[in-house]
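Some features that TrEMBL has for this protein:
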{"type": "DOMAIN", "residues": "B:166-290", "note": "domain 'Palmitoyltransferase DHHC'"}
{"type": "TRANSMEM", "residues": "B:66-84", "note": "transmembrane segment"}
{"type": "TRANSMEM", "residues": "B:96-115", "note": "transmembrane segment"}
{"type": "TRANSMEM", "residues": "B:212-236", "note": "transmembrane segment"}
{"type": "TRANSMEM", "residues": "B:256-280", "note": "transmembrane segment"}
Amino acid sequence: MAETHSLQDLRQAAVASKVFVQRDYASGTICKFQTKFPAELESRIDKQQFEETMQTLNNLYAEAEKLGGRSYLEGCLACLTAYTIFLCMETHYEKVLKKIAKYIQEQNEKIFAPLGLLLTDPIERGLRVVEITIFEDRSIGSR
Amino acid sequence: MTGNMHLGVEEPIRECQYNQICTHNSSPMNTPHTKKRKSKRKWQVFPGRNRFYCNGRIMMAKQTGVFYLTMVLILVTSGLFFAFDCPFLASNLTPAIPAIGGVLFVFVMGMLLRASFSDPGVLPRATPEEAADIERQIDATNGPSGPGYRPPPRTREVLINGQTVKLKYCFTCKIFRPPRASHCSLCDNCVERFDHHCPWVGNCVGRRNYRFFYLFILSLSFLTLFIFAFVITHVILRSNRTGFLSALRDSPASVLEVVVCFFSVWSIVGLSGFHTYLISSNQTTNEDIKGSWSSKRGKGNYNPYSYGNFITNCCAALCGPLPPSLIDRRGFVLPDTPQPAAQTNGTGACPPNQVQSHMCAQDQCIQSTKFVLQAATNPLLHSQPIILGGGPTLQAKSSLGGPCSTLSPSQPSLPSSIPGLSCGGELLALRDSEIHCHHHLHHQHFISPEETPSPPTALPCATHLGHHVHPAQLFNPVSQDSLHEDSVRGLVKLSSV
């Protein structure tokens, strides 16, 4: 299978459509996206691959919002310093968001871009949706 | 540093005129140097009704008059305490008094500023593609509608921890609101875990600043009690030496401090107690007022968000992870990024100062129209037309008794959830006639956006309650809201011609 797209190529390609994966609120208000495979992607990507990506994303967000010793410690320390500590230090949540951004970039480069898809970091959409852009597949004889 | 006012109202025709000037400036034809100078930060094109300062670092509500009053009261009272009472107390009792007072004061101010200046958890509006996608899904679920047929209310049901929760669609932000989120009509934003809009703090209280708000009122209770106790001590000690009247003459500031503290302590301590209860049961003020999780609603009605024990609830609310702001105020607007649904042009709004004063009047006109339409259609839905005494009186009255007493005469037993709060009776009237009250309070605010600050004796909860407004989508109202939106758009088009 020939590599049909790279991330740079995608920027010039035309957008065919966008798929939005909504939030899954079944576990409450924590950030979790639905792992159901959207019908529009059936011809483009392997179902298992997609679900694995979504599951990893969900796990990362769960890690960001986890209530545990570490977050309590951070919260108490911040309170004691009247929250001035965040002028020099990043919150745990922000660190995990950076991790997520890196993960999405990697996934785009390795898996999605070659298939003519682009995953948009949910933080750019206010953590409401995972936006998957489907590009027109203009190359002949691809896949 | 002046804030720019941003209104979430569409003005297609007027925007077109300005649009021409804007695109000329920001077109890709320009040299990179010019383009860089003209590129806007996202806060400048923010569709909500907020004010931004310090180049987007500080975010507040549009009306900040009461916030300045709060600052003045705290600064003046504390200043007088440190200047007039502390020297005596430090020399006659212990210097620890001004030290502790100082620490408390700094903490109170820190928490107040933090609560006022941070993003409460505003949800950015949907991009046009997202909005279109959701519309498609809604149409698919509801089926095609013929002309003149009102589609059923846009809600989605979700099962959370065994409780069915309805997610409502926000017509302004074009999203299905997450659970516990609510649309603040004053700021025109959807806010996550919306508690209430606090005029004393000049901002909404939501997921990101609830802990600051709570620590503010808690520390302010301690500070008020502290100042009250030690000023009384000071006067007593002085009167032991020189007699009561001459003691008062020697430190006249003490009288003012005692008066301010005496009247504030009831409301502030009461409010702290109320919020302590809310935190320990993991509810928002909004949910408590509506009785969403009250067992009175039905057997088996419980709060699905509660962690079960009050310690975990407290820790989660106060020491849990602090999510970052979702609206990226200081980022630059890129010409090819999708703009939120509220804006009709694709390249970002023009500098709003050009339209600022004109839009003010427009906004009032639009909101008045909404109110008129609402009032006109209300009798069809509700059996009792409710008339609230004019706008400004809502704030001018020192309790909520006025407006709410004309509402449904349901007889209250004080809700056990709010011990010691004297406006509890009104709260229940609010709760039982929530729909009426919320609709009308909602519009009351729009009629009189100039909030006259309540006298210091007013219970803050009165103004708090006045602001537990809610989105018009409560009862059947979704169809009404679209009617409003359409009429409003029509009016806007007319008025901008």
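Glycine too: its Cβ is placed from the backbone N, Cα and C atoms.
Here the domain 'Palmitoyltransferase DHHC' (B:166-290) has a mean pLDDT of 92 out of 100. Listed as Cβ neighbours of the transmembrane segment (B:66-84) (distance under 8 Å, sequence separation of 6 or more from its ends, same chain) are residues 60, 98, 101-102, 105, 108-109, 112, 116, 199-203, 220, 223, 227, 230-231, 251, 253-254, 256-257, 260-261, 264, 451, 453-454, 456, 463. Across the domain 'Palmitoyltransferase DHHC' (B:166-290), DSSP assigns 74 helix, 19 strand, 32 coil.
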